[in-house]
C-alpha cells in the first residue's frame, strides 16, 4: 500500500498526518505506526494523527497513535497540527475559522489565527483524583501538592487531567533534571493505573514558567500542549502561577490561559508543515 502523508510540527513535537476522511477506521495499525515513527528506518515522528469523519456532531474526528503504538486520548500540539492540516485539505480558510473535533478526551475546538498560530479551547481541567486517574488523593479528593516517592526521592506533585493524565512537579532548575533516567519511573509508577505524562516546572515568574516533559508512550519530547495546560492549572492551584502564563518548552513557547469566567483552558501556539511525501507499507 502506498500512503500519502504530510509531516507537521508544533514546537518540534512532530507528527505524521493522514487524510482518513474516507473511512472511520485508521489507515494504519499501531504496529505500522511504530514503523512510520521510527527516526532511523521510517519517516520519524512522535506520533501518527488521523483526520477521520466527524462523529457526535463534530466536523472531524481525531485519533492518534504514539511512537510506541499506544493511543492517547488527545494531544495538544497534535490538535493544532491537525487544524492546519484540515485547513490545507479544505483548500485554505481565512483566519478565525473554528473546527469542532471529536477526540477520546471530548470535543475540542481549535481556531486558526494569523502567523501560523492556532488557539484551542481545551475545555475544563479534571481535578478529581479518581477521574485522572491516580491513587494519590488529598482531603478534597484531588491530588494537589501530594508526596510521591520516585527514584529514592520524595517529590511534591499535583495531578491534572486534560482528557489525558498529567503529573506536575515544581523544581529549582529544570535543566538539571535527569529526565532520561527518571521519566519512565514516573510514567510507570503504581500510583498511576493508566500511566502518566510528567512535567517538571521551573517558575521564572508567575506569568512565565519553563517546562520539560516525559510523555506517556513517547518519552522525552520538545513540547506537550496538554502538559503545558495542566502545568498552569497546577501552578495556579499551588500558588506558583498566574492564570495567564507563558510556558517555555525546549521547542518554543505556548500561551496558556485558565479562564476564571468559564473554567476552560485556552492554548495558543504554532503549527507548521514540514514536508509531504509517500511511503510504501
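A Cβ is built for glycine as well, from the same backbone N, Cα and C atoms used for every other residue.
What Swiss-Prot annotates here:
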BINDING   13, 66, 76, 77, 164, 197, 215, 216, 225, 226  substrate binding site
ACT_SITE  75  active site, proton donor
ACT_SITE  224  active site, proton acceptor
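Counting only the Cα atoms, the space from residue 13 (substrate binding site) to residue 75 (active site, proton donor) is about 10 angstrom. Around residue 225 (substrate binding site), a 10 Å sphere centred on its CB holds 30 further CB atoms from the protein chains shown. Within 8 Å of the centroid of the Cβ atoms of 13, 66, 76, 77, 164, 197, 215, 216, 225, 226, where the record puts substrate, the same chain has further Cβ atoms from 72, 74, 75, 78, 213, 218, 221, 224, 227. Here the C-alpha separation of residue 75 (active site, proton donor) and residue 215 (substrate binding site) works out to 10 Å. Annotation for residue 76 (substrate binding site): same-chain Cβ neighbours under 8 Å, separated by at least 6 residues, are 120, 122, 162, 224, 225, 226, 227, 228, 229, 267. For residue 215 (substrate binding site), the same-chain residues lying six or more positions away in sequence with a CB closer than 8 A to its CB are 46, 66, 197, 221, 224, 227.
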